[in-house]
Amino acid sequence: VDFVKERCHKMNMEASLTARDRVGIQDFVLLDAYTSETAFLDNLKKRFHENLIYTYIGTLLVSVNPYKELDNYSKKQMDTYMGVNFFELPPHIYALADNVFRTMLSEFNNHFILISGESGAGKTEASKKILQYYAVSCPSTRLLNNIRDRLLLSNPVLEAFGNAKTLKNDNSSRFGKYMDIQFDHQGGAVGGHILSYLLEKSRVVHQNHGERNFHIFYQLVDGGEDDLLRWLGLQRNCQHYSYLVQVWDCAKVSSINDKSDWRTVRKALSVIEFSESDIEHLFGIIASVLHLGNIKFEADVRGYATLDNNQEMHWVSKLLGIPAQVLQQGLTHRKIEAKTEEVLSPFSVDHAVYARDALAKAIYGRTFNWLVNKVNESLANKDSSRKTVIGLLDIYGFEVFNVNSFEQFCINYCNEKLQQLFIRLTLKSEQEEYEMEGIEWEPVPYFNNKIICDLVEEKYRGIISLLDEECLRPGEATDLTFLEKMEEKIGGHPHFVTHKLADQKTRKTLDRGDFRLLHYAGEVTYCVMRQSKNAIIRHCFPSTEPDSKRRPETVVTQFKSSLVGLTEILMSKEPWYVRCIKPNEAKQPGRFDDVLVRHQVKYLGLMEHLRVRRAGFAYRRKYEIFLQRYKPLCPDTWPNWKGTAAEGVRCLIKHLGYKSNEYKMGRTKIFIRHPRTLFATEDAFQVCKHKLATRIQAKYKGYRVKGDYLKQKEAATRIETCWRGLMARKEREKRSWAVKVIKKFIKGFMTRNQPACSENTEYLAYVRQNYLTRLKENLPKTVLEKDSWLTPPPIMQEVSKLLKQIYIRLMVKKYVRGITPQRKAQLLLKLQTSSMFKGKKENYPFSVCRPFLDTRIKDINIKVLQMILHEQYSVPVVKYDRNGFRPRLRQLIFSLEAAYLVEEAKIKQRIDYSFLKGVSVSNLSDNFLILHVTCDDTKKKGDLVLQCDYLFEALTKLCVIANKQNCFKVVQGSIRFDIQPGREGFVDFKSGQESIVYRAKNGHLTVVRAEFRQC
């Protein structure tokens, strides 16, 4: 989501009115000051700092290396640019790739994309992005997917064998590559072909400070399997090989993972259908080059070279399949043919080293050519029907170093030819477009670099011809004789300068062994003295067989021939261009070096191309596209134009007020001369667009809401209809079912008392189920509610009786299991109380729910406790005197042996249980009790008359502690008690309106108790 928002923001930003000054113009053709290099750089810099690395010059794409990962290469981004008009979206390499692809399909002709720029400018990455786009956008079948995979995986293979770390780039292509991608009539990739140019073979034996050899050497040593290295005679240490340790600190590079790259290469070789035998031989040759570099020579007494490392010689012989003797002879001797005789001339040590390095370069160079051919075999299209082609040319850009050698000469010669082709094709396409549209063509002044190309390649007089001639002349050919020959033959050429031919000022900048060429992109000084010192190095190994008598071609002649072939290939195709620019030498993101970029803009010929594109008219578009975009600006053309597109454009520009010198009407396109005219139109369109967008949004929202409402209304009506029908059907089914059930129920009810039959079976089952269901919901909650059992129907009488017994047992069992020891003791006491008073004393039921406590008095005087041993229970009581019945507060304490009547700290009376004859209570609801004591002595106290609020609890405790179950009596009316031996008293119990205790006139204690009412 964030990515989409950011991308939309960038698209809107480039199209908005106020952002143009900040992010620059996305097509340099629309630059007002198109002749100003400063304005060109300023626009490029603005876009670079906004991470907009792509800019157009017409259909040419300028790409600035950001040196960081950008989030605009996803599958979604590819889909965005797929099938969209070239200028409709912001500049992107996907837009160029898609436009080339669609043009190829529609016109059914061949195209090529030329990708150029300095090392480190991003050429290889650009070609990868184009290949990835075609891999995603092309039609997909199993066969096409195989071809696609081989095309994609050919890159890592060729990079491993042809790329290396340089000072400017960690993955620099050290060869030029042209790849043809073949498509069928539906746009499916069905084949491919690769051509390579000028592999930098000298890197095999020598690298500058801070650079590495080709990647494959390090990948093999670091990533190769142990068995493979053992078979190749290699050790897992780059420091052991002379060709890899010339710059010891560059073997490891942080941005390169050799082990991971090795796995990628091995996988790619398998996909490209290299056999295991081919792979073994391929890596055997690579290993032989490393062993070859470790061969050392020593001088014998005569100064001739001899070998001193038989072990390395053994591995080279084994891996190359060459007899050791033949190999040794070839490294230490030169074969000279004189008529019918062959003479072997021994080498000096220096010559032997040169011969060894030359052999290493030749082996690697021819292996690379074999590898390219093998890849081509895998990509070959087996179908002979006509195919269209898109070519990708990834070639070195113009190079100017402090020291420019033979390789820079070849590279810059290549760029001169491509620049010549570039200008020719661009002017040709411009002129053809003008003529096709019926607009007068005005010749464009430009620098024609044919004079420089002729200086290099002209037959008999060009530098290449002179070099061939000098290499083959009799006698000792040196660098100085070659320089003198050039001064003699081409000394008067305006683009050629040497130390001898230069004026006094220029001579200071040239060494005696240097010559300078004035290329289209600037002056370059080439140093001849730094070329090879021996004739062996000056010649490439002949392409013909060794026994051929033909004169071998020099490297530069071979390169010239291949370049002519490339030019012919490109001239037969429609050109597209990608110019890659390196923003700084330090590979830092966000840093823009004006001087470096200006230098590249000049060498890439971008200003030249811009001037050609701007000659005459800055902007041209088909009538249909122009009208489609800007028709809202005119009321007559909006929203729909009925006539032809040309008439609509003419009406539109008349409404906009274009002047006659600002535009031309072609056959199919409108041509606008000045960018400011287009910008004014675009600004007006942006203002109009926002107004139209608001109106369209309002109309569209209303339309959508109305449509949604109508759809919802129709859907609701359909749902209601279906729902009513469904509910009616369900209701009918329910009623039909209910009728059947009711009939069965009535028949069953009528025959319910008869034996079970088909008519009453369901009814009886219903009665059983209904009873059991009601019984489940109305089961007694406690054992005490056992009498509340639900009355059963006749058919369930017996079952109900069994269920009741089972359920009561279950409740009793659960209740018993849930009783704690304390609760059990409490219930035993209650049971004892029940046996003593149930049905005998009026207020007994009231006491059932009151729990008994262990004691009722917690704070008993300590002195009393010391005198009473084993105190079991205590309770407060009111004691009535025997004489006069005066009430007194006392404490009644039961121990294991006796009962004590206590007044505070004094024991008033002790009653041994053995002297306790009985206990009497009335049958009323009073709280009185009389303790009857055996009294034979007149000095002893008689029976006790007590009133206790916890009567049932105290009497039950006394019964249990004293073990006097049979001495309790419930008396109705009066109770006699002994005051002293021979003297008795009475307590009369009566029922009344209110409770009262008093002494009657007859001397009895009368206790009146209000009638007891249970709650």
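Note: Cβ is positioned from N, Cα and C throughout, glycine not excepted.
A TrEMBL annotation is a machine prediction, not a hand-curated record.
According to TrEMBL, the features are:
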- Gly117, Glu118, Ser119, Gly120, Ala121, Gly122, Lys123, Thr124: ATP binding site (BINDING)
- 24-686: domain 'Myosin motor' (DOMAIN)
- 824-1011: domain 'TH1' (DOMAIN)
- 563-585: region 'Actin-binding' (REGION)
Within the region 'Actin-binding' (563-585), count helix residues (DSSP H, G, I), strand residues (E, B) and coil residues, in that order.
9 helix, 8 strand, 6 coil
Taking the Cβ of Gly120 (ATP binding site) as centre, how many other Cβ atoms lie within 10 Å?
23
What count of other C-beta atoms do you get within 10 angstroms of the C-beta of Gly117 (ATP binding site), across all chains shown?
26
Should one count Cβ atoms within 10 Å of each candidate's Cβ, the binding-site residues Ser119, Thr124 would be headed by Thr124
Pop the mean pLDDT for the domain 'Myosin motor' (24-686) in here, whole number is fine.
80
